[in-house]
Structure formats: structure tokens, C-alpha cells
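Structure first, then comments.
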Amino acid sequence: MGSGASAEDKELAKRSKELEKKLQEDADKEAKTVKLLLLGAGESGKSTIVKQMKIIHQDGYSPEECLEYKAIIYGNVLQSILAIIRAMPTLGIDYAEVSCVDNGRQLNNLADSIEEGTMPPELVEVIRKLWKDGGVQACFDRAAEYQLNDSASYYLNQLDRITAPDYLPNEQDVLRSRVKTTGIIETKFSVKDLNFRMFDVGGQRSERKKWIHCFEGVTCIIFCAALSAYDMVLVEDDEVNRMHESLHLFNSICNHKFFAATSIVLFLNKKDLFEEKIKKVHLSICFPEYDGNNSYEDAGNYIKSQFLDLNMRKDVKEIYSHMTCATDTQNVKFVFDAVTDIIIKENLKDCGLF
């Protein structure tokens, strides 16, 4: 009888040990899991960062996956040229070539009749003629005064390549494609022995109420703000400057009680577009009090200080910031490595090892 009880005890002890081991494994896994929230106003580059994670930390895009973006890219091209020609009357701009009046009409007719995501030869020809027109180019130069995709000139300048019969989108084409994020998109990948769960949340105002249940147990927030948006207005509200909206949103996040213990990293994104724009448009259009040099460095540092000065807990909470170009894989790789090191350092600090 005694030996029976002993065997039972041994079995219980064995099970208990297995359970302890399992709990320890789960705890170790949990400790190595980083929950990363990508936040920011609409069109600040969050989804492009997610695509870069696939390129850098997963296996990138297979030819089959690249092909799936073809229809999206064609849709972006059509939306872009339509946005430009529809803005011309509002801005009081005429076509330089009289023949383009007919081309504009033809474009509108074709846009209504073609299958979405396709690019028939007659449409390509009309877009090519319109894009060459001086009036269309003048309207494109004033893109901040209406809503236009950042990738418009990238695609329209390469119309022949992307409309060739054997066209297969490359990684840069995929990175520059634009689809509005609705809901929450999760991406999983591993870096430096850490398991990342990255959540990309729609940035438009209507999407933001979906963020709240993502807040639980967040390790790090990457907040994306578009540097180049300083002279632009929101898609949802043409009375609100995009940079002001971004600052307002950052203020509510960096000082939120939910994020008292969360690392916050600021990505001042679209530095390439900002570098071009700042040569032509003074920063005082957004910040009337700014009287510094209208150089990339000075204006960029001023914007950075506007964000960082919003942090009410500077004495205990450091906010890390980086100038980024989300379409530049090497830049994103370098910056994300730095972010990973910050997360490791903060984790060690929490454990009292730093």
C-alpha cells in the first residue's frame, strides 16, 4: 500500500515539476516578448515601417506577393493624376496645352469605365500626355493645397516601367504603395533574441477609438510624425494643419497615465520630402513664431523640440527621437536597431541590472 502512495507522490512531483518548467518557459517567453505600438496621425508612414519589418526581419516580399500590389499601385497612379487635374480649377490653373483639355475629359471618362486596378493602353497614353503638361506640373507643385499621395511623382515619372506588360513591382514600388489602414494589423518577428509583436493602428481620427484595447502591457510606442506635413491639412478636416494635429496627438500619448512606464520613440518621418520642401516653403507657415534659418537642420531641430517639449515628465521619462525616411530600408534598419537597444536597456533597468 505504501509503495502505491509513493508511486502516486512521484507522479504528482513529476507533474508539478513539468508544470513549473512550463510556467518558467512561458515566463521567459513573456519576458522576451516586446509589444510595440505604432501610433501617429494618418499618412505619417506607419504602414511603411511595418512593410520594412517584413523586408528586414522576415523573408521580404516573394514575387507572388509583389504581384498582389500591382492593382494597388495602378489604383494609386490613377487616384494621383485625378487628384491633380481635379485640383486645377480650384487653384485657377489652366492646361499649358489646349489638347490636354480633351485628355482631362477622357481621363475622367476612362476612370469611370475601366476595371479597378487595371491600366489599359489608352489610359496609360492619356496619363502620359497629362503628366507632361506644364499646367499639370504647376498644379503638382502646389500639392500641399489639396490631398495627393506622396508617391505620385515616384510612380508617374516611371509610368513606362510600371505599365510594361511584364511589370512585376519591386520592393521600392511596394513600399511606396498606399492603402488606408483600417483596424489593427499585427506583425510578428524576432530581433536580438526578442520576439516582437508590432501593432499598426489606423491614424485617421475615426480609427483612433480602436487603439484603447491595445494599450495593455505595451513595451514601447513608436510615434510617427511626418516632417513634410507642416504646410498640409488633414484629409478629415481641411481646417486643421497636419503638424498641429500630430503635436496634439503626441501630447495626449506621451503624457497619458497608461504609458507612464512605456518607452516612447519619436520617428520624425519623411525627412527626404521635408529636405526638398523646406527649400521652398518657410516653416513659419506652421509655426508663425519661428524666425530661425529655413534650413533642413535648423527647421528639423525646431520641429523636434516642439514635440519633445510636450513631455511633462522630462525628469523621469526620456523620449528618444530619430529623423527617418520610412521608404529607405537601410535607414529604417539602422534606426530600428537603435530602438531595439533602447528596449533591451530599459528592460535591464527594470530588472535592476543597468
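Residue numbering: from 1, along the chain as shown.
Cβ coordinates come from backbone N, Cα and C, glycine included.
Fair warning: this is a prediction, and the values are worked out from it, not measured in the lab.
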Per Swiss-Prot record, range annotated region 'G2 motif' [choices 173-181, 209-217, 344-352]: 173-181
Residue distribution over DSSP helix, strand and coil in the region 'G5 motif' (324-329): 1 helix, 0 strand, 5 coil
Among Leu175, Val179, Val201, Ala326, the most crowded of the binding-site residues [Cβ within 10 Å]: Ala326
Between Thr181 (Mg(2+) binding site) and Val201 (GTP binding site), the C-alpha gap once rounded to whole angstrom: 7
Spatial neighbours, same chain, of Asn269 (GTP binding site) - Cβ under 8 Å, 6+ residues apart: Ser44, Gly45, Cys224, Ala225, Ala226, Leu227, Thr324, Cys325, Ala326
Integer Å distance between the CA atoms belonging to Leu175 (GTP binding site) and Ser47 (Mg(2+) binding site): 9
Which of Ser44, Ser47, Thr181, all binding-site residues, has a Cβ with the fewest other Cβ atoms inside 10 Å: Thr181
Neighbour count (Cβ, 10 Å) for Gly40 (GTP binding site): 25
